[in-house]
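J.: Provided herewith is a single structure, encoded as structure tokens, for subsequent inquiry.
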Amino acid sequence: MEPQVLTPHVYWAQRHRELYLRVELSDVQNPAISISENVLHFKAQGHGAKGDNVYEFHLEFLDLVKPEPVYKLTQRQVNITVRKKVSQWWERLTRQEKRPLFLAPDFDRWLDESDAEMELRAKEEERLNKLRLENEGSPETLASLRKGYLFMYNLVQFLGFSWMFVNMTVRFCILGKESFYDTFHSTADMMYFCQMLSVVETINAAIGVTSSPLIPSLFQMLGRNFILFIVLGAAEEMQSKAVVFFVFYTWSSIEIFRYPFYMLCCLDMDWKVVTWLRYTMWIPLYPLGCLAEAVSVIQSIPVFNESGRFSFTLPAPVKLNVRFSFFLQVYLILLFLVGLGRLRSGRRRVPGPGFHRRPCWRRRERSWGLLPKGSM
């Protein structure tokens, strides 16, 4: 005797794009689920309200659907998902107005149209956010890219200043004092490159790539470039003076200790010797660098007075002749004030015994965005 064919209980819900059917059958075997001519056909062996039998049903949908249903078998039920051809809200599930007796709403998944629209918007926003993150990269990826970019910048600067430091040291060992007078012509191209590249450091602070203080970085970049491009580069008479050697040598000496420290910060590494050198060598080298810059400015004043370069006359009715040496004297005052301020702040950062536990160098790490603000 053939097993009796029965109809299972079916519960349904919808969204704008999909239909959800839950068939109350457990221990389902050999399900046959298909859609043809917009009608869902279901037939399966399972345990339902009438015991273990073959259950089947047919549903003609209200509107067009895609003919590829997706189903999932569980121990207690069969879940079927059908995609609508057009994303819209249906007033009912079946073409016939009268609801079949075996069909009922699935209140576990039921939403009215307004709630479904809110859910749809939330999913769309989630999808757009996911696409945005894929395009922009995850926060971890962005942090890695930022550290890699800062590491490469510091590496290039370190190699440039190291080349100048070695070049000037070797020339001094071979030629002695004679090397002083040819320093500009032997190293100026590399110094031009490194100092122009230092503009990136100020831009990083301005746009938030690093949290370094913008004003000190800007003052150092402008001050050095003023000395290099105006005081030395624009006056050929200055390029053969011995003071050029001392300016370039102190600048290079400072940077060959500074940039390795920053490179290690990018790698989350703490080498106590490098940290100690970075903050200890700065103490004598910074005032020596300021002194060398001041001497170069003082020596350039008669040169610019004699040549009249960069001097100008104010228009009528003032008709005042303004010499460039006036701006050089103002620069000397600013150099003294800024240098004194940095020395006073630097004394508070100098590492002593147990320096690796002090916040002095970690503040600098934090300024490069490599430590959280709350860490010490």
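Glycine is treated like the rest: Cβ placed from N, Cα and C.
Feature annotation from TrEMBL assigns domain 'CS' to 5-94. Here TrEMBL flags 150-170, 190-207, 241-261, 282-304, 324-343 as transmembrane segment.
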J.: In the same chain, who gets a Cβ under 8 Å from the transmembrane segment (241-261) while lying at least 6 residues past its ends?
T.: 154-155, 157-158, 161-162, 164-165, 168, 172, 177, 179-181, 183-184, 187, 191, 194, 224, 227, 232, 274-275, 277-278, 281-282, 285-286, 288-289, 292-293, 295-296, 299, 361, 364
J.: How does the model score the domain 'CS' (5-94) in terms of mean pLDDT?
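T.: Averaged over the domain 'CS' (5-94), the predicted model reaches a pLDDT of 91.
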J.: Are there residues at least six beyond either end of the transmembrane segment (324-343) with Cβ under 8 Å to its Cβ atoms? List them, or say none.
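T.: Residues 216, 219, 223, 226, 231, 286-287, 290, 293-294, 297-298, 300-301, 304-305, 309-311.
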